[in-house]
Amino acid sequence: MLNPLNFITKFIKSSNQKELDRINKIVVKVNSLEASVKNLSDEDFPKKTTELKDKLKNGENLDTLLPEAFALVREASKRTRNERHHDVQILGGVVLHEGKIAEMRTGEGKTLTISLAAYLNALTEEGVHIVTVNDYLAKRDSQEMGEIYKFLGLTFGFINNDQDDLERKKNYNFDITYATNSELGFDYLRDNMKFSKEQMVQRGHVYTIVDEIDSCLIDEARTPLVISGAAEDKTEQYLAIDKLIKRLLPEHYEIDEKDRNILLTNEGINNVEKIFSDAGILKNNNFYDPENLSLVHHVNQSLRAHHLFEKGKDYIVKDGTLKIIDELTGRILEGRRFGDGLHQALEAKERIDVQAENQTLASITYQNYFKLYNKISGCTGTAATESQEFYEIYNLVVVIIPTNKEMIRKDWNDQIFRTEEEKNKAIIEKVLECHKQGQPILVFTSSINKSEIYSKLLNDEKIKHVVLNAKNHENEAEIIANAGKMNSVIITTSISGRGVDIQLGGKKGSQPDDELLENKNKIKSLGGLFVIGTERMESRRVDNQARGRAGRQGDEGSSIFYVSLEDDLMRIFGSESMNNILQKLGLKDGESIDHPWINKALERAQQKVEARNFDIRKNLLKFDDVLNDQRHVIFSQRNGVMNSEKVFDYSDEFLSEIISHLISLKTQKLSTTKNNEFNNQLKTLLGKSVDDNEFKNVTELKDEEFKNKINSKFLEARNERIKMLDEEKAKEVEKRIFLQCIDLNWKSHIQYLEQLRQVIGLRSYGQRDPLVEYKKEAFFLFENLLNKLKMDFVTILINLKIVQEPSESISRPLKKETSNDPNCLLIKRKNEKISRNEKCEATGKKFKNCCGAL
């Protein structure tokens, strides 16, 4: 059977050259304008930008403006940064403008390439978002490329974690904005929780360029962005369960490392029932009794925490806080927590403060966030291996851009050992061999724990080195920039794969130019930077990123991977008969082997993992699309009301729907059930606005009279508000109430869907498709949400009474009475900010109702 991944890869190779040939014709046009643009004065460039904007407004499109725009950016870069865009960068710029992915090797100048498409698309004056992998790069790239944009007459800015809303809004209103994917996503969610358009910071989603697009859309696709609030505190339960779980033995559970799952055996279930019954936690002496569902969930999470999640690999504990480590990048994911109670289970395991669970207020995945943009493009050094996923999920085509200079890096065949100990010994010997000559070495490991193991082995050999991992990443950029120095030895996790070029001889400016050049030539003669991979990662793309640190822009360099059969990849996904194959090939203890059979086995193992992860992401997206469609409806309705000048029309429409529904129930109320439903809903709606006698009379009215009665009650309450406030303020009250009703009901709805997702998989045991079942249930819940939202909104409006604030004459005596009281908050907390709900000892009232009301 044809492997679809292989087919796609072959298709890309055959079609890629055709695409490059087509784009090269555009590059020729750009080059033909270079001489004329060179004759422009500095003052002419902003004028040219204005001319291009005018042409766009007069009917020309961006494609026709591209050659002149790119020529202007190239010349502006030469004058401001002394950097001229190479033809391959012009190629990449065209690919980005066309909404595709440009695969460009490390060191080929992706940041400069992005400036071309960013400038062209900024001419629309609708904003361009450039996505970077961290805050440091957002600020750096904005400032460096900002020199070009400013010269051309464009505005630019960046978004960082410590900015307030005013600063964020200002930066989003610039022509070009640099930000991380998480900042963009969270700002979108927060904007859809605001109460006025003026409070929102983003202005739309038109065009985005994602730097290191594979990291954002592939690696982080499974991680949703979540804004959460405090939920019920179950701290003691987590601690109690953790204590009891430690009493289980290995025969009480089975571990599935492939799917990262753990299941209790029959013996384990019996043991759990005894342990938890003795502790008084289990109900009805049956672990799987419906009343113990919460307990089952917490036990499973505690088991996963103890046996599937490893400190130093999946997380670290720093300053008493448990922090997640990204499995692919090796970075700490600041501010993120494992969901579904797993984070609390890990905190209990590590005996640190267990923080309360959070309830989701709003969430979105990166997959669905980036689908908000009219056009998306990106660049990376490693996209071809994931081309099928990019096309299938995002409809993005990958175009492989040739290097400016020929790639001369040597990628040696993998060295395979039987045991990890033999492999480690060989790695240290290789480091010693290269280090004696002064050749710079970059050693890649899969986790913090592994990096510390190799550090200890090098310390034993008295080799000076630097360890770079999530524990000590503060000087990452500086360390990596100088990784090309003589005698440099750096041990790192995948953290050092992005954003910073390694220059042979050292970072420019770190030493005199002549000394730098001399050192560079020495290192070239030694073979350049030597990259050592201590094992194959689960993704070929991550391996390629490691290789890509060497051999930038035609420099010398080399790479090699050392592999053992005890490595996680081979142990979990490799063939069980691999050891027998090595024995047949005559591999002796301590020896390595390089053989096509082994390389094929490694490739198959990685493809298994890649295919499995792709399926997981595809499946998650199918489920998330259900929530995404509902999110779109809710956010659209919310924004519609928030931005509307005719909020009364929304209220009247909802009232009309509710009355029609009640009349429908009224005509069916022959049955006791329908009668109760009608009475309950009508009582809820009218609340305290009618007494029992009037309520009875309303239920007996004919349909038209019934409708008029409810309408009159609603309008009576509204007119009272208008009389006391004025019409504009009354509209603002209705608008604010509606937005709060949406937020409250949406929050509950998300929680219901999360709970549904956790259990829907069980439907497969009844020969039902979990996805189909989830869609049905989610649709039913969404219908209920919309109905409840309207009922809550109209009910509040009918029953809402505006209370007149105390007049000036009533307030003054209070001030006089308390102004000299030493317990008065205004005196006790002079010049300090006082909470509106803080109790004032002078009056016994909340601050907002006494001194704070003055």
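First residue shown is number 1, and so on along the chain.
Placement of Cβ uses the backbone N, Cα and C atoms for every residue, glycine included.
Given the structure is predicted, the values throughout are model-derived calculations rather than measurements.
Database features (Swiss-Prot):
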type	residues	note
BINDING	Q89, G107, E108, G109, K110, T111, D501	ATP binding site
* To do: Count, for each of the binding-site residues Q89, T111, the other C-beta atoms lying within 10 angstroms of its own C-beta, and report the residue with the smallest count.
  => T111
* Candidate with sparsest Cβ neighbourhood (10 Å radius) among G107, G109, the listed binding-site residues -> G109
* Could you check what DSSP calls T111 (ATP binding site) once collapsed to helix, strand or coil? => helix
* Asked: Which ones in the same chain are close to K110 (ATP binding site), with CB under 8 Å and 6+ residues apart in sequence?
  -> G92, A102, M104, D211, C379, T380, G381
